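Colleague: One structure is given below, represented as structure tokens, and several questions about it will come after.
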């Protein structure tokens with residue numbers, strides 16, 4: 001059982017990261033290296049969160065063994081018995097043998113740091129590059145990251161020169177390694193507190209507001225108005241870019257050296273634009289560099305980059321609009337069904353996707369009505385209260401975790417009580433819930449924030465490669481300081497507890513922060529207290545109000561602009577609803593017509609086929625008979641038909657009058 005828990009968690013976390021990446025990324029259209037790098041970054045960060053509770057329980061057992069070995073003891077099976085007090089140190093069910101966890105943490109930590117500081121920034125520039133070859137993209141990525149890498153090398157080189165010149169410093173390699181880790185964790189902790197302060201308030205509040213049907217519907221109308229503006233902007237931007245592509249495609253002929261670059265750009269365009277522009281292969285005139293001015297390869301690379309961005313943005317807004325429409329229609333259905341006397345949920349529109357038969361069997365309209373109209377609001381309220389309680393405990397512990405006598409951090413109190421009885425199941429569950437809640441508050445903020453169109457994680461496979469890689473960088477930078485902050489809250493970090501006990505394997509990899517005392521005793525202890533100020537600012541929506549004053553529309557109930565956008569979104573949803581109703585009515589009429597007249601049409605068609613068969617058989621039998629008997633009559637009939645055609649005269653519609661008697665007309669001629 002010692003290695004089974006570690007193996008199960010490794011496999012489970014991999015599929016969890018793969019599921020989330022499949023929800024946000026697109027495996028079919030995005031580059032495989034982007035998918036692999038993002039998956040590895042997410043996987044390593046989630047793995048640290050899930051494995052750290054096992055490290056805590058293993059460390060507590062190792063401390064017990066050290067305490068037992070320091071006094072006369074007896075060994076008995078899976079536990080060690082202390083002779084004087086008969087104390088038992090039970091081995092936890094998830095115990096990991098010595099030597100495994102340090103190697104595991106070292107591989108995971110340094111791989112994540114290599115990803116976040118070297119590989120992922122390079123791949124970001126590579127993914128955004130508009131180059132037409134691998135060499136060109138690598139060259140562009142190196143140029144863009146030269147300043148980024150050069151800044152770090154300059155700072156590190158200046159620090160090494162200062163240490164080498166100053167005789168008071170005698171730093172070894174381990175101490176330099178610890179300083180580098182401390183610098184990375186300091187940057188991560190600075191960003192961690194900002195995201196944590198927002199998530200501790202916004203997550204309970206979002207679940208509490210989720211119980212308000214009117215609130216959700218109004219916010220959906222608000223989102224619809226904003227998304228329609230963004231959708232129109234994306235369509236206009238795409239039209240402008242496609243016009244530039246058309247001009248370039250018409251100017252560069254088939255035998256131009258840059259025609260391959262133009263063809264690459266055309267392949268990235270939507271299908272309807274490709275059909276409209278074509279490949280311009282109908283003009284076989286040779287190009288003349290002296291008469292025409294052609295764009296350079298650098299300008300084509302810039303255009304290629306713009307095409308990729310505009311197409312991705314247009315596709316994303318289209319998908320998000322359809323998802324938002326379904327959400328708005330469903331919330332309107334919930335509002336209508338709340339006053340239903342039959343207590344059966346009735347949908348205005350049928351689901352466009354086929355429903356699972358098992359879910360359809362258990363999730364009946366009656367069950368759906370009770371869940372959506374009665375149980376779900378109360379469930380969200382209870383969940384919001386539980387999450388708010390966790391948030392209060394986290395804020396209190398962040399402000400008091402440095403106090404060891406008495407122990408004021410509630411998480412440390414819980415762990416120490418369980419450590420006295422060696423209840424490893426309780427220890428692992430308490431540690432897992434604590435670090436899981438902290439991770440949800442931080443990671444959910446990463447998924448929610450949007451920096452214009454520069455960084456945006458959109459679900460339903462609509463996230464671009466740059467945003468996926470950027471999220472991987474954020475996760476790798478936030479997870480190590482998050483784990484150190486968790487160990488400080490539970491007093492498992494010797495730097496916080498000030499006890500000469502065995503540290504966890506994760507802390508031993510981080511090294512002793514005593515090398516930089518002003519960081520260990522100052523920044524790591526007092527900076528997390530700022531989470532209180534950030535929580536207060538988030539509770540009163542100070543950031544939202546500032547953005548609203550700057551002109552960025554934010555959902556605020558007491559704003560006139562918000563009311564106007566809600567009315568606009570309501571009208572947009574009503575218009576789309578009428579359009580959807582007309583489409584369904586047309587489909588229903590066609591379906592009824594097929595059901596009513598489909599059999600009659602089939603019978604008529606079968607009769608026609610049967611008649612044709614009879615005529616063909618009759619003609620075949622006549623053809624098989626002797627032709628000499630009918631030769632004269634057939635010839636006469638043919639001559640009569642020719643004479644009638646020759647005698648026929650066309651009517652003159654331009655004449656003054658038309659005579660009814662054809663003989664009079666002949667006499668007149």
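Backbone N, Cα and C define each Cβ position, glycine as well.
So TrEMBL says this about it:
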- 6-21: transmembrane segment (TRANSMEM)
- 33-52: transmembrane segment (TRANSMEM)
- 103-126: transmembrane segment (TRANSMEM)
- 146-165: transmembrane segment (TRANSMEM)
- 177-201: transmembrane segment (TRANSMEM)
- 224-251: coiled coil (COILED)
- 378-396: transmembrane segment (TRANSMEM)
- 425-446: transmembrane segment (TRANSMEM)
- 466-489: transmembrane segment (TRANSMEM)
- 523-542: transmembrane segment (TRANSMEM)
- 576-669: region 'Disordered' (REGION)
- 582-617: compositional bias 'Basic and acidic residues' (COMPBIAS)
- 618-634: compositional bias 'Polar residues' (COMPBIAS)
- 635-644: compositional bias 'Basic and acidic residues' (COMPBIAS)
- 658-669: compositional bias 'Acidic residues' (COMPBIAS)
Colleague: Restricting to CB pairs under 8 Å, which listed stretch, 6-21, 378-396, 425-446, 523-542, is in contact most with the transmembrane segment (33-52)?
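Modeller: Answer is 6-21, with the largest number of Cβ pairs below 8 Å.
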Colleague: Are there residues at least 6 beyond the ends of the transmembrane segment (177-201) whose Cβ is under 8 Å from a Cβ of it, and what are they?
Modeller: 113, 117, 171, 391, 394-395, 438, 440-442, 444-446, 474, 477-482, 484-485, 510-513, 515-516, 519, 523-524, 527-528, 530-531, 533-535, 537-539, 543
Colleague: Determine which recorded stretch among 146-165, 425-446, 466-489, 523-542 has the most C-beta pairs below 8 angstroms with the transmembrane segment (103-126).
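Modeller: Answer is 466-489, with the largest number of Cβ pairs below 8 Å.
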Colleague: Among 378-396, 466-489, 523-542, which stretch has the highest count of C-beta pairs below 8 Å with the transmembrane segment (425-446)?
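Modeller: Out of the listed stretches, 466-489 contacts the transmembrane segment (425-446) most.
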Colleague: Under 8 Å between C-beta atoms and at least six residues away from its ends: which parts of the chain pack against the transmembrane segment (466-489)?
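Modeller: Beyond its ends, the transmembrane segment (466-489) has Cβ neighbours at 21, 24-25, 30, 34, 37-38, 40-42, 44-45, 48-49, 52, 56, 109, 112-113, 115-116, 120-121, 123-124, 127-128, 181, 184-189, 191-192, 195, 394, 397-398, 401, 409, 411-412, 431, 434-435, 438-439, 442-443, 446-447, 455-458, 495-496, 504, 506-507, 510, 524, 528.
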Colleague: Who are the chain neighbours of the transmembrane segment (378-396) in space, where the CB to CB distance is under 8 Å and they lie at least 6 residues beyond its ends?
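Modeller: Cβ under 8 Å, 6 or more out: 196, 200-201, 203-205, 207-208, 210-211, 408-411, 437-438, 441, 489, 531-532, 535.
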